[in-house]
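Inspection log for the structure reproduced underneath, given as structure tokens.
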């Protein structure tokens, strides 16, 4: 049975509080828009596809709870809800993609009345979830062929089932190759400062029985130098039209290291993460988070009181460092500007 990160239950958006993993499996019930927005901002739920699914359910929740008497009044509420949700994590394009799709669906059925909008949005949120899950499995099928025979893969952050509707993006090729009986061993970057690798990816791989070794972020170069890494597979929060990739802070450094050591560097992401309206990585907004997440771990200070800390949550990897992008429609290779447009036109 696959892990489900977010779901609709008894008129509420339910999700696993990923801040509590791996020690506690706690389900959070979001009963209003404010709770959904907080879940996204506080990283109770995280990972671009999972955020998109959560936001879609959040829009459906707003519609269900609305007392609007006319479609136009309900649409106004939904526009406001979209603005609230979109502002929570600005780097992840799946968030605005999902809320935009929900709003378009509401507008499409507005002539049928308020109840039609409510029913349509609930169905659309479920469709977004189901599509994301299917895309993850397709990414796994396409990407498994890229894993070298020895199967030593380095990952960064968490782009597994917890970050998506299920199965994952970066972990999907690994899981598929493992299911095919091929040798796989995953080197898991701990991923400071939020430790998504150590807390979440390591936990997911343990649940799946996939061999792994947890490493600190500053061990990656050493592991590459010693010949321990055959390829790198990461996820993405936004892919610009030219193939530049925004992902968890530290991804860019791994891409530079991989290029120096002649190691393939792959990005796995659904097509909903591709943003053709963003020309390059220079145009991607980079979220700045609370410096306390750097100076503290699990509420415990690890730095002197009063020290200043930087905390950009993402960085941008230039397209020339990306060997290929694995999508649900196939593997995209350079030149990305033309290849990504061709991929999108094939929808």
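Each residue, glycine too, has its Cβ placed from N, Cα and C.
For the substrate site, Swiss-Prot records 46, 47, 48, 196, 247, 248, and the single candidate of 89, 175, 226, 289 listed with them is 89.
Other than the site residues 46, 47, 48, 89, 196, 247, 248, same-chain residues with C-beta atoms no more than 8 angstroms from the centre of those residues' C-beta atoms, the substrate site, are 51, 92, 157, 158, 159, 163, 235, 237, 313, 314.
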